[in-house]
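Okay, structure first, notes after.
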Amino acid sequence: MSFVAYEELIKEGDTAILSLGHGAMVAVRVQRGAQTQTRHGVLRHSVDLIGRPFGSKVTCGRGGWVYVLHPTPELWTLNLPHRTQILYSTDIALITMMLELRPGSVVCESGTGSGSVSHAIIRTIAPTGHLHTVEFHQQRAEKAREEFQEHRVGRWVTVRTQDVCRSGFGVSHVADAVFLDIPSPWEAVGHAWDALKVEGGRFCSFSPCIEQVQRTCQALAARGFSELSTLEVLPQVYNVRTVSLPPPDLGTGTDGPAGSDTSPFRSGTPMKEAVGHTGYLTFATKTPG
């Protein structure tokens, strides 16, 4: 099992995502002889998981069932152990697009945190790219390194434990893109410039507060970055349903009551509950010269 390439059968050591129904999911490490307790009953790894195809519908001890899903960065984001606040797929999708990531890209990232963005970047740049990720917190860095090995993506990522604002990314002029998710990204703008290739590259920082964005933009402009832009992603979910209304009175002037016929049509209305503010994404370009 790898987060980069699909494999058909579940093996010992794999990470599997158990879909329990109604949006409930849990990630498990498959180990021979181990058991996982679910609300549908016990799941025995040796009998119920190992050797079965991903996507299987497995019956648990109480007669209920779960689907065993192949892990993806999107599913991992929803089920990972939170060591920090994380970014979700809505923001991550825009980041990977605006940074123009593709197979073969070299990316520098800080901080690693819980690894949500890291897994998505690795999947995008594999099989010939590489991620240099920096985390100042020793235990978080060690846990991220361990997870990358468990998920069999370690060959595409180098984890460094240092303060990116003081020590940079540990590489120079190799990156096609830089992503920052740290409290003071403006302090790392100079190191981001040095990490990007001489011929140029893309920059992105995530900040929850507009004051952080202002200071970052000032630092970017002072360092020579161009094409600065800041975006906020606010998805709106619509409820589509069939509505039946009487035909409109077009003023024909006919006497008598209006007809009882109704005209059904499909209507889309925004849901009352909407996703709120997560943060601002600031993008910039290092141009050669």
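Note that Cβ sites are derived from N, Cα and C of the backbone, with glycine treated the same way.
The substrate binding site feature in Swiss-Prot is assigned to 20-22, 35-42, 64-65, 85-89, 110-117, 180-183, 205-212, T278. A sphere of 10 angstroms centred on the C-beta of V117 (substrate binding site) encloses 27 other C-beta atoms. DSSP gives V117 (substrate binding site) a helix state.
Sequence annotations record features per position, and here Swiss-Prot assigns S-adenosyl-L-methionine binding site to L87, S114, G115, S116, E135, R140, D163, V164, D181.
According to Swiss-Prot, the feature phosphoserine maps to S263. The secondary structure of S263 (phosphoserine), as reduced to three states from DSSP, is extended strand.
The region 'Disordered' feature in Swiss-Prot is assigned to 245-272.
A separation of roughly 9 Å, to the nearest angstrom, links the Cα atoms of L87 (substrate binding site) and D181 (S-adenosyl-L-methionine binding site).
Here the recorded positions are Q37, T112, S263, and the one ringed by the most other CB atoms within 10 angstroms is T112.
Within 10 Å of the Cα of E135 (S-adenosyl-L-methionine binding site), the following binding-site residues from the list L20, Q37, V42, T112, V117, S205 place their own Cα: T112. Largest Cα-to-Cα span within the S-adenosyl-L-methionine-binding set L87, S114, G115, S116, E135, R140, D163, V164, D181: 21 Å.
In this structure, the CA atom of S263 (phosphoserine) is 51 Å away from the CA atom of Q37 (substrate binding site).
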